[in-house]
DNA sequence: TATTTAATGCAATACCGTTGCAATAATACA
DNA sequence: TGTATTATTGCAACGGTATTGCATTAAATA
């Protein structure tokens, strides 16, 4: 299926680019309220994820955030680098921290994925 | 409000004790299917959390797990120790790892909570 | 410009957790 | 032990969120 460019897609893509950080479903919904149907937002975001334009991350608050794939390879997203994610509880900003997650699993354990979240105040909000 | 002991509560409590690990809502629901109403399970689990009998943890798969409070103090649950949580993708077991999460935040950042999840195979499943 | 079919909006559906309410039953007390 | 109180339960209804079906619209291509 060959994708088509539409106003809805451009709007959401621009939104993500301008934000510079990951945006949650609600945040996106709020910003494009009235411009398009709720269902369209779901479908656009899903298609972005399928096409490797964005990836979907589940934050520690149970919400999904969408972030542009910048350093993501074909198979794996950048998120396999096992770094911490930060979520500001004041401004709701979500970002990746440089700090790597280091972990030694007990004998006999095999690691697949790591999801590490820190909440708090970012440098702007503290 | 003085709590009362009921078959529903005993059943779920026994389930958690026997399991030895944290159980998700669905797992509990599956195991007591037919014995009690869906709503009752929600209410029992909520009351357990309110009473400090269990705590509720959000796993990296977006599901809530319920675990007996063993070393939990009055105010804070044991989970404030910033340790890793492990979820086996084969047997679905969820457990706390001894390994502590160490992290140095960038200048100006303030830490509130940490949620660190590792998925993979446990020693029994690897 | 005409054709093809991806994308959209709307309505309907599914899923998950909660709430209202009447009926039930666990506890306290006479 | 029997009765009164009220926490608990089941059922139905609700609210929020994500998905699906389908007719319509419009992006891409010839």
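Residue numbers in this text run from 1 along the chain shown.
The backbone N, Cα and C atoms fix where each Cβ goes, glycine too.
Database features (TrEMBL):
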type	residues	note
BINDING	A:88, A:91, A:122, A:125	Zn(2+) binding site
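Sequence-ordered, the extra residues of this chain that approach the Zn(2+) site, with Cβ no more than 8 Å from the Cβ center of A:88, A:91, A:122, A:125, are A:89, A:90, A:92, A:93, A:121, A:123, A:124, A:126. It is A:91, among the binding-site residues A:88, A:91, A:122, A:125, whose Cβ has the fewest other Cβ atoms within 10 Å in the structure shown.
Annotation note: residue A:88 (Zn(2+) binding site) sits in a strand segment as assigned by DSSP. Contacting chain B by the Cβ rule (under 8 Å between Cβ atoms), the binding-site residues A:88, A:91, A:122 reduce to A:122.
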